Amino acid sequence: MTKFVFVTGGVVSSLGKGIASASLAAILESRGLKVTLIKLDPYINVDPGTMSPFQHGEVFVTDDGAETDLDLGHYERFIETRMKKTNNFTTGRIYQSVLEKERRGDYLGKTVQVIPHVTNEIQEYVKRGAGIGTGDAVDVAIVEIGGTVGDIESLPFLEAVRQMSLRMGPNNSAFVHLTYLPYIAAAGELKTKPTQHTVQKLREIGIQPDALLCRADRRIPDEERGKISLFTNVAEWGVISMWDVDTIYKVPRMLHEQGLDGLICDKLRLNTPPTSLKRWDQLVYETEHPQGEVTIAMVGKYVDLSDSYKSVNEALRHAGMKNHVRVKIEHVDSETIAPGDAAEKLAKYDAILVPGGFGARGVEGKICTARYAREQRVPYLGICLGMQVATIEYARHVAGLANANSTEFDAATPHPVIALITEWKDADGTIQTRSETSDLGGTMRLGAQSSDVASGTLAHEIYGNIVTERHRHRYEANVNYLDRLRKAGLVISALTQREQLTEIVELPREVHPWFIGVQFHPEFKSTPWDGHPLFNAFIKAAIDHQKSRQPTLPAAAAS
């Protein structure tokens with residue numbers, strides 16, 4: 001029978017529920033349990049696909065084409081289980097499903113209400129995410145409830161999991177509450193009152209937490225833990241201190257050493273082998289003992305919020321660990337780069353990465369960046385839009401296609417080398433069609449798809465014969481211009497197997513040591529254990545470029 005751990009948050013948002021949930025999952029997985037995670041988001045958007053990165057951060061894409069919360073990226077990086085569409089749902093998705101049932105007459109004329117109809121629907125979605133009733137059922141499902149206790153948006157979710165816990169009976173569910181202890185410098189102490197109040201609010205709803213994860217900028221003294229225990233009715237050994245650390249990969253060890261996994265296993269009556277966190281310890285060792293450092297310019301337009309590129313940042317760090325170097329990432333606003341000052345802005349970097357994005361703002365700066373990297377032989381990795389701007393730049397300045405552009409940015413361009421995809425096969429095999437008037441939400445080419453890779457190319461060195469990666473885009477390289485680009489020297493090194501859409505472009509090795517653009521999003525498949533072959537190769541190229549720029553010492557004069 002699948003057991004459930006429900007993770008809630010209080011006081012303030014952005015405390016790290018996703019990392020805490022993923023860390024607990026990683027510890028339980030190390031005990032030999034099959035674990036999954038489910039994220040419940042209380043906003044009314046059907047999914048985060050149309051939300052601004054400044055509002056929501058990165059949109060993480062699963063193999064089966066779901067546009068999901070960025071926490072699912074943490075989940076996949078921490079445990080072996082791959083996330084699916086069923087691992088993330090929102091208030092909007094729930095209400096959409098309830099209303100569709102009402103229109104079909106499934107409720108037999110009853111008045112549709114939050115209780116029981118919405119709360120029952122939430123419970124059904126949670127069970128679906130845990131694989132209950134299928135061959136994919138897990139031992140433990142950790143359910144993270146977004147938002148903070150006290151928010152009106154979260155109430156249906158909290159009521160649903162309270163009912164679910166009651167229906168499952170004792171020892172089949174546990175509640176973990178993440179809270180915040182502010183440090184008041186003037187008083188020189190951590191304050192427990194906000195934690196007392198948030199637990200009181202949770203108990204008013206009918207939920208008694210089994211463990212408290214207490215976030216602070218320092219360790220919580222035993223005296224304060226005892227005080228929290230007394231006023232929250234949580235056993236003192238269930239009051240867990242979570243202090244700030246320099247890498248998120250230290251969190252599993254932190255939680256294990258304070259007995260969180262033991263507490264959960266006792267509560268759920270799980271008889272498991274001992275925890276083994278050796279590979280996590282090795283990971284931390286790699287991060288703390290680099291043999292060098294490279295600096296990467298990430299040129300984009302969402303640079304004011306690092307969560308906008310969360311998976312790219314993590315993939316670069318993973319590749320750094322595989323290459324035994326620390327990767328320093330500097331975000332460069334593409335709107336600040338113009339043709340005359342690209343060298344001034346970019347010359348100091350060991351490699352350049354242009355990530356995905358949407359809209360015309362900052363695009364010309366990205367095109368200038370691609371040109372600088374091409375002409376100065378700086379390692380360049382373009383992801384999604386980063387591949388498209390590299391193609392536009394090459395068309396303009398090498399292939400002689402003046403004013404070439406994407407129809408996303410200039411509908412009247414004389415040379416639309418990038419254009420809207422009108423038909424393709426989706427991740428589940430269905431044929432999708434789109435036009436300029438299609439809705440924005442859920443209408444992109446999404447999910448994992450395979451492509452053939454040309455032999456003798458850089459892409460083939462990295463991937464082999466076949467590449468399978470996740471996609472999230474509406475625009476593609478225009479097939480009508482591929483021959484002209486090839487004749488001008490651009491290498492089209494991977495094409496989709498059915499539609500022959502461009503997946504990878506690169507420059508010949510005799511022209512540039514390492515220049516590649518990919519239409520997909522490789523960052524979504526990077527893990528701290530193996531990195532990702534494309535990012536690993538990119539960081540290796542950055543190391544080589546750094547070495548090539550170092551002055552060589554003159555040979556010692558003969559004596």
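All residue numbers here begin at 1 and follow the chain in the order shown.
Placed from the backbone N, Cα and C atoms, the Cβ positions cover glycine too.
Quick look at what Swiss-Prot annotates:
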- C384: active site, nucleophile (ACT_SITE)
- H521: active site (ACT_SITE)
- E523: active site (ACT_SITE)
- S13, K191, T192, K193, P194, T195, Q196, K227: UTP binding site (BINDING)
- S13, D151, I152, E153, K191, T192, K193, P194, T195, Q196, K227: CTP binding site (BINDING)
- S14, L15, G16, K17, G18, I19, D71: ATP binding site (BINDING)
- D71, E144: Mg(2+) binding site (BINDING)
- G357, L385, G386, M387, Q388, E408, R474: L-glutamine binding site (BINDING)
- 295-548: domain 'Glutamine amidotransferase type-1' (DOMAIN)
- 1-270: region 'Amidoligase domain' (REGION)
Cα-Cα distance maximum in Å, computed over every pair in G357, L385, G386, M387, Q388, E408, R474 that the record assigns to L-glutamine: 14
Residues within 8 Å of the G357, L385, G386, M387, Q388, E408, R474 Cβ centre (excluding the L-glutamine site residues themselves): G356, F358, C384, V389, S406, I418, H473, Y475
Residue pair S14 (ATP binding site), C384 (active site, nucleophile) - Cα distance, angstrom, rounded: 28
Of the binding-site residues listed as G18, K193, P194, T195, the one whose CA lies nearest the CA of Q388 (L-glutamine binding site): G18
Cβ neighbours of K17 (ATP binding site) where a neighbour is any other Cβ within 10 Å: 25
Separation of alpha carbons, I19 (ATP binding site) and G357 (L-glutamine binding site) (Å): 25
Distance check against C384 (active site, nucleophile) for the recorded positions P194, K227, E408, H521, keeping those with Cα within 10 Å: H521
Pairwise Cα distance for L15 (ATP binding site)/T195 (UTP binding site) [Å, integer]: 13
